[in-house]
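J.: Marked as Fe cation 1 binding site by Swiss-Prot on the basis of similarity to another entry: E141, E179, H182, E265. The Fe cation 2 binding site annotation in Swiss-Prot covers E179, E232, E265, H268 and rests on similarity to another entry. Positions annotated as compositional bias 'Polar residues' by Swiss-Prot: 1-12. Residues or ranges marked as region 'Disordered' in Swiss-Prot: 1-57. Per Swiss-Prot, the feature transit peptide maps to 1-35.
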Amino acid sequence: MALNLNPVSTPFQCRRLPSFSPRQTPSRRSPKFFMASTLSSSSPKEAESLKKPFSPPREVHVQVTHSMPQEKIEIFKSLEGWAEENLLVHLKPVEKCWQPQDYLPDPASEDFRDQVKEIQERAKEIPDDLYVVLVGDMITEEALPTYQTMLNTLDGAKDETGASPTSWAVWTRAWTAEENRHGDLLNKYLYLSGRVDMRSIEKTIQYLIGSGMDPRTENNPYLGFVYTSFQERATFVSHGNSARLAKEHGDLKMAQICGIIASDEKRHETAYTKIVEKLFEIDPDATVLAFADMMKKKISMPAHLMYDGRDDNLFDHFSAVAQRLGVYTAKDYADILEFLVGRWEVEKLTGLSSEGQKAQDYVCSLPPRIRRLEERARERAKQAPSMPFSWIFDRQVKL
């Protein structure tokens, strides 16, 4: 999925504007469950991690659940036929989908080792900071079980049985199946590159899936589909920018991989934004209130609870590198918001309640206010320190 913006490199802790990263808080870990391992630790921090329970590296927000009234749930049930005709068309048949092996050396071929050597030669030209971003993107994609779980919390649109034939359930399962290829492909390619510490990466993935995510969507599909619309757009932007940078550094295969993943994300973005477009059509007041609510909460990115067993602020550090490289920035955040405001024609809404009008004004005025902070973000980034990343064998990268 996508990245977040980092308070180290972006000064978004303004009272009047939302920040774009989770609130920095002390770690809160349950005393009940503790990790055990027979492996020796290579650092005091890792030794300490062995005693930590299965809980996020930072506090999550107070959980609000099932905030949507029954009459709104009925709206989603009534949209079952609409979803079948308008949502499922954005899925591709499995036989027409690309698969990771299409872009990887064939291990059964006689020149497999030569192909791997070619990948590793190209990998030498990729700088460490781009590897940090590529690995962070891959880890985000690999936490797919969390995202399917999140979608299946949405009242009126969840998969009630695990194999429900409803259009909403079919979409969620098939979307998950398409997304599953992304992490598989990035993981295998980065493994073959020889430039990254796969054990550290695999630990980070396990920690992240175990921690879950905290999107604050309240089991409410109005909130949930605003969130996924933003996220798919952000992921499209992020992978697209990674493709551009990989190409600039001479790895055309990595550029191709990031590009095809971005193409999938764009198709998924189209589907999710179409859902919210329909909600604006049939229930504009509740939908604009949901849009404003998610923006006031600040869109927390899917991997915001990322942890490698050592760095409690790993996601912030990863995000700072992405911001500095131009992979995902404060400007992108504002651009995505402005895109969605235009896509859903929020400025043209009429007949809203007084609260709906306030929400409309809020989301429409927010993008230019965010953009005014971009220059300050760039200035602060110039003074950022360097940090070691376990994913690249503790090599130092400027934040």
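Every residue gets a Cβ built from N, Cα and C, even glycine.
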J.: In Å, rounded, how far does the Cα of E232 (Fe cation 2 binding site) sit from the Cα of H182 (Fe cation 1 binding site)?
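T.: The Cα atom of E232 (Fe cation 2 binding site) is 13 Å away from the Cα atom of H182 (Fe cation 1 binding site).
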J.: Given the binding-site residues E141, E179, H182, which one's Cα is the least distant from that of H268 (Fe cation 2 binding site)?
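T.: Checked the binding-site residues E141, E179, H182; minimum Cα distance to H268 (Fe cation 2 binding site) goes to E179.
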J.: Can you give me the same-chain residues 6 or more apart in sequence from E265 (Fe cation 1 binding site) with a CB-CB distance under 8 Å?
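T.: E265 (Fe cation 1 binding site) has long-range Cβ partners E232, T235, F236, H239.
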J.: Neighbour count first, Cβ atoms within 10 Å, every protein chain included; then name which of H182, H268 tops the list of binding-site residues.
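T.: Comparing the binding-site residues H182, H268, the most crowded Cβ belongs to H182.
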J.: State the count of C-beta atoms found within 10 angstroms of the C-beta of E141 (Fe cation 1 binding site), not counting that atom itself.
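T.: Taking every protein chain into account, the count is 27.
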J.: For the binding-site residues listed here (E179, E232), which one has the lowest count of neighbouring CB atoms within 10 Å of its own CB?
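T.: Relative to the other binding-site residues in E179, E232, E179 has the fewest Cβ atoms within 10 Å.
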